[in-house]
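Q: Grabbed the feature section from TrEMBL, which reads as follows:
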- GLU128: active site, proton donor (ACT_SITE)
- CYS12, CYS98, CYS194: [4Fe-4S] cluster binding site (BINDING)
- HIS41, HIS76, HIS126, SER222, SER223, ASN224, SER266: dimethylallyl diphosphate binding site (BINDING)
- HIS41, HIS76, HIS126, THR166, SER222, SER223, ASN224, SER266: (2E)-4-hydroxy-3-methylbut-2-enyl diphosphate binding site (BINDING)
- HIS41, HIS76, HIS126, SER222, SER223, ASN224, SER266: isopentenyl diphosphate binding site (BINDING)
Amino acid sequence: MEVKVAKTAGFCFGVKRAVEKAYEVAEQRQGEVYTYGPIIHNEEVVADLANKGVQVLETENELRKLEKGTVIIRSHGVPKYIYELLKEKHLDYVDVTCPFVLKIHRIVEEESKKGRHIVIVGNAEHPEVAGIKGWCRGDCTVLKTKEEARNFLEKGYEKVCVVSQTTFNYNNFQEIVEILSEKRYDRLVINTICNATQDRQSEAEEIAKQVDTMIVVGGKHSSNTQKLYEICKSECENTYYIQTLADLDSDSFRSVQCVGITAGASTPNKIIEEVSKHVRIKF
Ligand code: F3S
């Protein structure tokens, strides 16, 4: 059986940097160390860090109650007021927000100051989007679907700046931007989708076209893995979404000739290697 493993599978630059820093902080800092939210959407990594003493603050309330310790701000970034809160509480913090996300914070802060209404194309529930919203002066709008984009046109904003969540699907972003271009108004569109995501999505699509079965590895809460799954599924009916090797159903691989493997940005290399090794040996 032929196995094609995507070169872009696994940790992106921002996640790699954040995870390495978390391990470094765990080793070097005295006192309690926390991450504000899980460092990545990967239960194994979070559990391993917990063994090294890094605890997860799940809510803002938990952060507010904290009196001492070091807080790691993860790659998704946080709203501006969280930095203010950390300073007010005199808490130590290590900021590992991905530089690509920081760039979006700067754009929306500057453009909203100039009076543009900010439109974030993305998923309002995602912490990265919550972080971006927290850098806008005044109101902003999050659009995820074409229908929401059409409704937005009715609102009559005159000056708009459009950015995207870094992990948003490029084609969906383009479709929404096209709808937003149907009306004449002062519009600044900045494609802030991260290259790591675009590259991973296009490679996954290409591989999914060529194989009989596709395996997408990643945490169940990871939105970029969910998107990868959707993309692969639309090209290859037999696409499986697994978190670890344990989820792989061997029965699905009988009479398969060619398998493709890709993985979300928060999947450690170790898991990808385990899955590809297993597939090569077993089938
Ligand atoms: Fe950063 Fe892109 Fe990864 S925004 S965290 S390098 S997906």
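Each position is counted from 1, following the chain as shown.
Each Cβ is built from the backbone N, Cα and C atoms, and glycine gets one as well.
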Q: Quick one: pull the CA-CA distance for ASN224 (dimethylallyl diphosphate binding site) versus GLU128 (active site, proton donor), whole Å only.
A: 12
Q: Could you state, as a whole number of Å, the largest distance between Cα atoms of any two of HIS41, HIS76, HIS126, SER222, SER223, ASN224, SER266, the listed dimethylallyl diphosphate binders?
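A: For the residues that bind dimethylallyl diphosphate, the greatest Cα distance is 15 Å.
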Q: Taking the centroid of the Cβ atoms of HIS41, HIS76, HIS126, SER222, SER223, ASN224, SER266 (isopentenyl diphosphate site), which other same-chain residues have Cβ within 8 Å of it?
A: ILE40, GLU128, THR167, GLY219, HIS221, THR225, GLY264, ALA265
Q: Around the [4Fe-4S] cluster site formed by CYS12, CYS98, CYS194, list the extra residues of the same chain whose Cβ is within 8 Å of the site's Cβ centroid.
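A: Same chain, not in CYS12, CYS98, CYS194, Cβ within 8 Å: PHE13, GLY14, VAL15, SER75, PHE100, VAL101, THR166, THR167, ALA196, THR197, ALA265.
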Q: Could you tell me which of these binding-site residues, HIS41, HIS76, HIS126, has the fewest other Cβ atoms within 10 Å of its Cβ?
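A: Looking at the binding-site residues HIS41, HIS76, HIS126, the Cβ with the fewest others within 10 Å is that of HIS126.
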Q: Please list the binding-site residues from CYS12, CYS98, CYS194, SER266 whose Cβ falls under 6 Å of any atom in ligand 1.
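A: Correct list: CYS12, CYS98, CYS194.
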Q: How many other Cβ atoms are found within 10 Å of the Cβ atom of SER223 (dimethylallyl diphosphate binding site), counting all protein chains shown?
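A: I count 22 other Cβ atoms within 10 Å of it.
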Q: Let's check the environment of ASN224 (dimethylallyl diphosphate binding site): how many other CB atoms sit within 10 Å of its CB?
A: 28
Q: Spatially, and counting Cα to Cα, which of the recorded positions is closest to HIS76 (dimethylallyl diphosphate binding site)? Options: CYS12, CYS98, GLU128, THR166, CYS194.
A: GLU128
Q: For THR166 ((2E)-4-hydroxy-3-methylbut-2-enyl diphosphate binding site), find which of the recorded positions CYS12, GLU128, CYS194, SER223 come within 10 Å, Cα to Cα.
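A: Hits: GLU128, CYS194.
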Q: Just name the most isolated of the binding-site residues SER222, SER266, going by other Cβ atoms within 10 Å of its Cβ.
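A: Lowest Cβ count within 10 Å among the binding-site residues (SER222, SER266) is SER222.
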Q: Pop the Cα-Cα gap between CYS98 ([4Fe-4S] cluster binding site) and HIS126 (dimethylallyl diphosphate binding site) into the table, whole Å please.
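A: Here the two Cα atoms lie 15 Å apart.
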Q: Let me check the 10 A CB neighbour count of CYS12 ([4Fe-4S] cluster binding site). How many other CB atoms are there?
A: 24
Q: Rounded to a whole number, how many Å is the Cα of CYS194 ([4Fe-4S] cluster binding site) away from the Cα of SER266 (dimethylallyl diphosphate binding site)?
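A: Rounded to a whole number, the Cα-Cα distance is 14 Å.
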